[in-house]
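One structure below.
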Amino acid sequence: MKCTAILIIFAALLAPSSFAQNGGRQKATAQESLSLIPLQTIAELYANADPALTVEKLAGHEGDPLFSPVGGKMIAVGAKNPVIWLRFTIPEALRSAGAGTGEKSGAAWSGLPPQWLLVVRPSFSIILDQVELYVPSVEGGFESFATGALRKAFPGEAFSRYFVFQLSPTAFGGEYCYLRLSSTTEVKVDVFLETSLARDSQEKIDFFLYGVLFGFLAAMFLYSLALFFSLKDKSYLFYSLYTLSAGLWLFFLHGFSKALFGQSPGTDQAMLWVWVGLMLAWGSVFVAHFLRLKDGLAALNRLVLALGALGIVVSVAGLLGWYDIAFSLSHYLGIILPILGIATALIRLIQGFPSSLYFFVAWIFLGIGGLAFALMGLKALPVNFWTINSSAIGVALQSVFLLVALSDRFRRLEGETERLEKIQANYEALNLTDENTGLPNKRFLMAELGTLVEKAKQRKTMLSLLLIDVDNFGCLSDFLGSAKPEDVLAGLASIAKASTREGDRVCSLGGDRLAVILPGIGAQAALKAAERIRVRFAQEGYRGDDSGRHTGESLMVSLSIGVVELGKDDDLDSLLDRSDRAVHEAKVQGKNRSVYLRSVE
């Protein structure tokens with residue numbers, strides 16, 4: 001496991017450098033072989049245009065000051081600027097500019113002119129609603145090609161992560177071509193001319209790098225799901241659902257669904273918000289469960305789960321087509337939740353929860369990536385290679401360290417299990433076992449509870465104690481017939497162990513009493529555990545019948561349980577004394593019940 005984790009970390013650390021090399025290669029190609037030309041450097045922009053404006057009206061007013069040079073700036077379209085037009089000319093000389101300049105296959109290798117493409121690359125691959133290209137026609141007027149997230153692909157449109165148009169020879173005559181972009185959701189757009197060979201090479205690299213990421217996330221999903229079925233620990237289930245949602249969100253976000261299966265107008269964008277909402281929701285549940293916030297930080301637990309519930313709102317908004325709500329809410333949650341995850345992990349680490357160290361590091365990586373991506377979407381950061389891919393890099397690195405955190409949790413559980421097994425093996429040798437129930441006896445209870453009280457006070461963690469008393473135990477021999485009172489205690493011991501966690505301690509106090517030590521559990525959870533034992537005993541326990549000496553009479557065997565939580569001023573004696581008073585209160589109230597007695601601070 002350690003070797004695997006080291007290899008995964010090493011691969012993850014290499015991934016950003018691979019991305020960076022990829023970006024650098026693209027720039028070098030643009031300069032050396034003219035295979036990529038940013039349209040922002042040669043185009044003019046008409047912003048916030050009338051939605052009803054047609055290309056014919058624009059072409060008829062070429063001398064009017066509607067357009068201004070883009071000047072290399074990033075192009076933005078959205079709610080405040082829903083429709084923009086770009087116009088540009090492509091000189092005839094460019095048709096053969098890429099031939100024989102470093103592209104070693106296909107048309108360029110044979111000396112034939114390269115096939116040029118117009119590529120529209122939104123910062124969010126499937127959010128741009130409509131993209132329309134108008135190219136001069138040999139018969140006059142314009143030949144039009146229309147696509148976009150809310151439209152079906154035009155005939156012959158290539159499957160790609162972005163919107164790609166194959167330029168016909170008429171686009172190179174020096175006359176104006178027009179590009180219309182429209183969107184209701186804020187999105188920044190990069191538009192460039194690129195040869196088909198360069199685009200094909202770039203997409204192969206993208207598919208390889210993201211394929212590694214998706215394969216890794218799929219492996220983590222299956223691995224954590226297998227651990228859940230093996231260990232029955234819900235943390236692994238919640239992590240697997242979080243990983244699945246994150247992978248599918250990235251799959252739609254970066255346009256791989258569009259590239260592999262073609263455009264599905266409306267559906268792609270809805271699925272984007274559905275999966276990001278579920279990622280936020282499952283991520284919140286995973287944080288709360290893994291860090292055991294319910295028992296250690298109840299207020300933070302409620303806050304984390306409440307923010308997670310807003311993730312469901314994002315998913316619902318996406319399904320209903322309320323994309324602006326889904327966009328804004330998901331971006332703000334993308335800032336708040338990672339920061340909250342880092343803060344809660346740090347608090348739990350200070351409280352002595354060791355597995356939270358790797359969890360803390362994991363959320364730092366996601367926090368940096370998620371923050372950069374969210375701020376890019378909110379226009380607080382520029383759109384570039386790192387901000388576009390920050391979420392993917394953050395999820396990849398987070399998954400590595402979450403895997404280490406879950407492995408550390410598994411290792412610690414194994415260590416605790418081995419420790420308990422060794423203790424159990426020494427019970428008889430140390431005379432610490434009760435003969436009637438097979439449980440550790442009062443001597444063990446006093447020693448173990450004293451140790452756990454000290455640890456809980458030092459680490460400021462929770463500790464609860466259940467004191468279980470069998471009602472009417474002294475009369476049982478008259479009503480049980482052939483059964484013995486000791487059989488009742490043995491059955492109770494079996495039920496108590498089956499109704500509690502593996503790390504909890506069930507002990508005999510002698511006579512008709514058992515005690516259950518619950519490390520890391522608060523009063524509310526302890527009271528639920530007490531009720532599980534009491535109800536299950538009532539369902540499966542012993543009931544007297546007329547086989548006893550008192551013919552015709554019957555007596556149901558029930559439990560009175562006292563529940564206490566370690567207080568700030570408690571020690572071993574005061575905790576036991578309060579549990580005894582809680583049992584007495586249960587008897588006074590009518591028996592067959594659980595009563596919680598809080599400490600007097």
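Note: Cβ is positioned from N, Cα and C throughout, glycine not excepted.
The coiled coil annotation in TrEMBL covers 403-433. Under the heading domain 'GGDEF', TrEMBL lists 461-599. The transmembrane segment annotation in TrEMBL covers 207-229, 236-252, 272-291, 303-323, 329-350, 357-378, 384-406.
Each residue in the coiled coil (403-433) has a pLDDT score, and their mean in this model is 71. Just going by CB pairs under 8 A, the stretch in 207-229, 236-252, 272-291, 303-323, 329-350 that sits most against the transmembrane segment (384-406) is 207-229. Highlighted: of the candidate stretches 207-229, 236-252, 329-350, 329-350 has the greatest count of Cβ pairs under 8 Å to the transmembrane segment (303-323). Cβ atoms under 8 Å from those of the transmembrane segment (329-350) belong to residues 273, 276-277, 280, 283-284, 287, 291-293, 296-297, 300, 303-304, 307-308, 310-311, 313-314, 317, 356-357, 359-360, 363-364, 366-367, 370-371, 373-375, 377-378 of the same chain, restricted to positions at least 6 beyond its ends.
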